[in-house]
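In Swiss-Prot this protein carries:
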- K141, E178, Y179, D187, R211, S212, N213: ATP binding site (BINDING)
- D248, E260: Mn(2+) 1 binding site (BINDING)
- D248, E260: Mg(2+) 1 binding site (BINDING)
- E260, N262: Mg(2+) 2 binding site (BINDING)
- E260, N262: Mn(2+) 2 binding site (BINDING)
- 104-287: domain 'ATP-grasp' (DOMAIN)
Amino acid sequence: MKIAVLSRNPRLYSTRRLVEAGIQRGHEMVVIDTLRAYMNIASHKPQIHYRGKPLEGFDAVIPRIGASVTFYGCAVLRQFEMMGVYPLNESVAIARSRDKLRSLQLLSRRGIGLPITGFAHSPDDIPDLIQMVNGAPLVIKVLEGTQGIGVVLCETTQAAESVIEAFMGLKQNIMVQEYIKEAGGADIRCFVVGDKVIASMKRQAKPGEFRSNLHRGGVASLIKITPEERITAIRAAKVMGLSVAGVDILRSNHGPLVMEVNSSPGLEGIEVTTGKNVAGMIIEHLEKNGGPNQTRTKGKG
């Protein structure tokens, strides 16, 4: 197969590993800088040009689209889809998962376990919003944040009110979530490929911190997940319409709660921690499922 990898940086661990795994399995791998691709949206013959030449003959495309280039990245990926190229994750599903609120709304509709979450616009509603998520301590998240940036733990109602007012004053869209104390600053990253959890790791926040993201100094370790956690992760990825996803789960007193479904999960943490060839499994999934003009939208909403 001839496989395109949409990535701004060919030197990133995840991009390198996907290219290596593809070459090892006998495929032609081409890394394309997402922002340097441009499109000809012509009737009957949609095209993508790159460095002055049209991109042709691709069987599949692996999107590694960073959060900051979601809009343009999804447009390029959608153009590949219009050309009949099979996407590992499709543009609609990526756009869906990048909107944290939309993701939670879709997951809640399907009855998937979530932390109680509030969303509001008007400052008059702050006291009721705080009560809605069972009061302080609570977590406030900026909707556009990634890698744990823009996430605040408020220990008291007073602190929560001040932080919410500050974010609202900056015209930031925010979510307010119950704090799951029993998770103890740890979450579980389940790596879903197709309809299986192929690898999972526990991420523990460093002392004095509650955000377990590896970018925030969290430490990864091996973990055995429960059947319920496995089913929750697979269902969450399916609701979002993602073939490959990093599903972040908290262990709570009332079962697994989904924090986030990531459409472009990093490979370094999971491969180094588990010793598994995750990149190889992703390429294998493409081989089994990829094919021309198989770009029907998965998921709803």
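Each Cβ is built from the backbone N, Cα and C atoms, and glycine gets one as well.
Structural mapping of features recorded in Swiss-Prot.
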residue : record                : DSSP (3 states)
K141    : ATP binding site      : strand
E178    : ATP binding site      : strand
D187    : ATP binding site      : strand
R211    : ATP binding site      : coil
D248    : Mn(2+) 1 binding site : strand
E260    : Mn(2+) 1 binding site : strand
Distant-in-sequence Cβ neighbours of N262 (Mg(2+) 2 binding site), under 8 Å, six or more positions away: S97, A245, G246, V247, D248
Packing count at D187 (ATP binding site) (other Cβ atoms within 10 Å of its Cβ): 24
Inter-residue Cα distance where the pair is E260 (Mn(2+) 1 binding site) and K141 (ATP binding site), in Å: 12
Cα-Cα distance, maximum over K141, E178, Y179, D187, R211, S212, N213, record's ATP binders, Å: 18
Segment confidence, the domain 'ATP-grasp' (104-287), expressed as mean pLDDT: 93
Listed in sequence order, residues with CB under 8 A of Y179 (ATP binding site) and six or more positions away: P137, L138, V139, L153, F210
Rounded inter-Cα distance in Å - E178 (ATP binding site), E260 (Mn(2+) 1 binding site): 14
Packing count at R211 (ATP binding site) (other Cβ atoms within 10 Å of its Cβ): 20
